[in-house]
Amino acid sequence: MRFLYLPVLLSSLCWALQEFPPAAGSLPPAEALVKKPIVRYDAQSIHQFNNTPYKDYDKFINSVIEESAGVTFSEINDLNGQIRPEMVKVTHENFFRIFRLDLFKQCPFWSGTEGFCMHRSCAVDTIDDWKDLPAVWQPEALGAIENASPASQDNSKDYCEIDEVNEDTVYVDLVQNPERFTGYGGDQSFQIWKSIYSENCFNLGHDQCVEKNFYYKLISGMHASISTHLSNEYLDLKTKQYGPNLKQFMFRVGDFPDRIENIYLNYIIVLKALIKLESSGILDNLEFSDDEQFRSKEVELKDELRDIIKPSYHLGDDTAECLFDENSLFQSADAAEIKDEIKENFRNVSRIMDCVHCDRCRLWGKVQTTGYGTALKVLFDLQKGKDYGNSTYDISKVELIALVNTFDRLSRSVESIKNFKKMYDVAIKAEEEGERVGEEDDAGNSISNVSGVDSSSIVGDQVDFTNPDVFESGGKIEAEYNDIVFPYKGKNTVKAAFYTELNNVWGALQLIFRSYQIFPKVVYNWCLIRVVYYWNKFVGHVQQDFDVNRLYHQEL
């Protein structure tokens, strides 16, 4: 019978062959990869989140958002509820749903030896054929603002790097590739955020200028907004469906009032940039396409944007500026130096997105860093009298699309914060009454799993895959995990023990015969990875040796 195990041993050998260390000289410096500290998500109840503003929500939402022009959280909630349907409509339009980027750009800061995401949820469905692009994105319809060469633009105003059009350029439908939890994490993901905060941000404090504090809050709000999206589209291991996970949200955002506040501040900042584009006349002068047949649709899209922008004009105090007074910043004697420092730091943040090895995460990271960079450029470098009404003002189609989609992401975050508040109230009530949560929210979404994965199934920040309750759905173990054998939960009798052993033998035989079935596929995939890698190395796309550690191992 031992020969039956041959495919199992050979399959293991195929992977073991890939575990030899890379060639000398190809490893990054020892300090390049920072190890992620252990995070223990061990809250046993929602009551343990003591810092959350949800405990006194009325007081919180009626307070004024710091740095704003006297705007309250409640006013933003009301505004967002009013414009949210129009925001969804605009981002589903063919013009705003397509984003151009380079998914194959090399990381400029460190060697990418770990963290490549090979899971299907990390993949991006690109549009590979021109005929599959909407008419407005066809080559003959692409407008001047799409095709403008970087040399013709004033790059001194840019707060982010935008991918140039080259042979690696891809077009992605953002609606078909939504931002959601992919499982991408661990040391490589931690390194991304650590680099952003420690090397390209400033510490929040009273002993530094208001501009640097403002920049820190912008980065924090971007991080918190992304975490909100991932918590709102979190993978339920029981149902294999994406949905809101209250416990994840509370751990990452909900128990930190400053993070929630920074999301609202970013909402105001990006919206104010859209207002400035509209009030300056630049939006009117922008040509979305060279196609004459698209002119009527272009007018319609601009009217839709105005419908989103105009309800916010009345928000704020009695000053001349609504929402946010950008003119109060960069007014000191060393303002130019501070602005250049902030600009270069945010450019680096946009470059760091090329170090993200989850394609979907990289896509949305690029969209949002480009959106925030565009907002900063419009707010602080669009000068009255000089640029107002100037049709040659340097804003590209990609920047406008990123700005609109970034505001949509923030709008979604504000909506999610309100929905999580409803889930929080249900969970608190259920815990106080000793009941299991089984209601639905106002949108009809099930919130029976508001606490996420049961805490007994979590070790550190990893799911305990030995717990059968994690994978059981309707009394059956999902086929994706059918090679995991769990202890038999029967009575402790001789007959039960006999059938337990019989089941174990049958399960072992099934595993062996399945290995015969998948062995050709394992060999094929291993050979394919090798061939593709060495071909890319031959044509100059990669510089480091092949290392299995670069392959992704999912952390949920």
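Using the three backbone atoms N, Cα and C, a Cβ is placed for every residue, glycine included.
Note that the structure is a prediction, hence the values are computed from the model and not measured.
For Cys117-Cys122, Cys358-Cys361, the entry in TrEMBL reads disulfide bond. TrEMBL lists Cys361 with the feature active site. Here TrEMBL flags 435-461 as region 'Disordered'. Summarising the annotation, TrEMBL assigns compositional bias 'Low complexity' to 444-461.
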* Structure fact -> Between the C-alpha atoms of Cys122 (disulfide bond) and Cys358 (disulfide bond), the distance in angstrom, to the nearest integer, is 5
* Structure fact -> Min neighbour Cβ count (10 Å) across disulfide-bonded residues Cys122, Cys361 flags Cys122
* Local Cβ density at Cys358 (disulfide bond) - other Cβ atoms counted within 10 Å -> 25
